[in-house]
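Here the structure comes first, spelled out in structure tokens, and everything after it is commentary.
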Amino acid sequence: MHIGGGVVKIRILILLMLALFLLGCSSNVNTNVKLKVFHAGSLTEPMKAFKRAFEEKHPNVEVQTEAAGSAATIRKVTELGRKADVIATADYTLIQKMMYPEFANWTIMFAKNQIVLAYRNDSRYADEINSQNWYEILKRPDVRFGFSNPNDDPCGYRSLMAIQLAELYYNDPTIFDELVAKNSNLRFSEDNGSYVLRMPSSERIEINKSKIMIRSMEMELIHLVESGELDYFFIYKSVAKQHGFNFVELPVEIDLSSPDYAELYSKVKVVLANGKEVTGKPIVYGITIPKNAENRELAVEFVKLVISEEGQEILRELGQEPLVPPRADTAVPSLKAMVEVS
């Protein structure tokens, strides 16, 4: 009996050890992997939807999203040394200019947008403003408007580009001067048929705060308009729709939306404080996986979701046009079946 009891105890001990081992394995399987996605502020709502869809497919993954202006988003990796698994920006060329070749080596272009002028129902002169008189409304002394910081956010330099292009479209050389130059130290200069604005460093930007407000990211202007501190702000159409704003659709010649006007858009350039020159072009968003991504396989799956038909439908539902088919600037073996290489 004594020997038999010992055998039973040994078997029980073995079973307990096996159970603990299996429990440990199970625990490891269920431990959340954190997939870090740094993205442009204007992608905040789409990223919430991508996060939900991805986590449903990958229950052991927690997608951590973090919004900022696109240039600021990239600087988190290139200057601050932070780790991200996916980077998504509102201007695909920023990835190429700021991350190649050290931090990334490919970009997929996946979505489009356009610049609009958004406002509340009770913004000053909301009942008068339209696509032909908007700049006259903004000139009025009791009207305040805003845009994001061009050094941090593509929406900022695109807003300034749109205002400068308005001078050409409306044949009025005073529009930018009256709206921006008169109220800040931001000025375009003409150079061989092109118009160039050289940005001071962010801490040296000077503005008349009774007329203009600037924030690092376009999304930070939303509450200023909602609270009545601002009457109007330049923003992407998708963001205006997502947040229920009224908006003036600017003429296609100045809203940076159409490839048909790429040559016209290219007449305006902004040199950022870091020395990078940005040329006016149709708005196209970009996505990449940094070279030092810690969860590369999952990052590839996340990018696949964004550029898939499901991802394209998510964008459409949120008022943003996907680029169909998505285009890559170089062959990406793990994604080649889903993109065109241009």
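Cβ atoms here come from the backbone N, Cα and C positions, even for glycine.
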* Asked: According to Swiss-Prot, Gly41, Ser42, Asp153, Pro154, Cys155, Glu218, Tyr236 bind molybdate; which one of Ser70, Ser131, Ser184, Ser194 is listed for that same site?
  -> Ser70
* Would you list, in sequence order, the residues of this chain other than Gly41, Ser42, Ser70, Asp153, Pro154, Cys155, Glu218, Tyr236 that have their CB within 8 A of the centroid of the site's CB atoms, where the site is the one recorded for molybdate? => Ala40, Gly69, Ala90, Ser148, Gly156, Arg158, Met217, Met219, Val239
* Asked: Do any residues at least six apart in sequence from Tyr236 (tungstate binding site), in the same chain, have a Cβ closer than 8 Å to its Cβ, and if so which, in order?
  -> Ser42, Ala90, Asn113, Gln114, Ile115, Val116, Cys155, Glu218, Ile283, Gln320
* List, in sequence order, the same-chain residues at least six positions removed whose CB sits under 8 Å from that of Gly41 (tungstate binding site)? -> Ala67, Ala68, Gly69, Ala90, Asp153, Cys155, Met217, Glu218, Met219, Glu220
* Structure fact -> Cβ atoms other than its own within 10 Å of the Cβ of Ser70 (tungstate binding site), all chains, total 31
* Structure fact -> Gly41 (tungstate binding site) falls, by DSSP collapsed to helix, strand or coil, into helix
